[in-house]
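Read the structure below first, then the notes.
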Amino acid sequence: ATPAELATKAGCAVCHQPTAKGLGPSYQEIAKKYKGQAGAPALMAERVRKGSVGIFGKLPMTPTPPARISDADLKLVIDWILKTP
């Protein structure tokens, strides 16, 4: 599966879209915030796993457990998001 398909299957697309803001920031907005930051992939993975609030607004992002997306697939999705122009 492609990273986009993995993200959709994991439920990411419920809140996140490639370029348009939904309930959460677009993949493009996420890439813009984290691109070039040391440790960005690990930080993003932690926020996906544990959930977060206040990074892009007041609406909390719920935790995404390994049962929904494996660590290996999550890494593929994060790498793909960071390559978003």
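Just so it is clear, glycine is given a Cβ too, placed from its N, Cα and C backbone atoms.
Among M44, M61, the residue that Swiss-Prot places alongside C12, C15, H16 at the heme c binding site is M61. In this structure, of the binding-site residues C12, C15, the smallest number of CB atoms within 10 A of the CB marks C15. Cβ neighbour count for M61 (heme c binding site): 20 (other Cβ atoms within 10 Å of its Cβ, all protein chains included).
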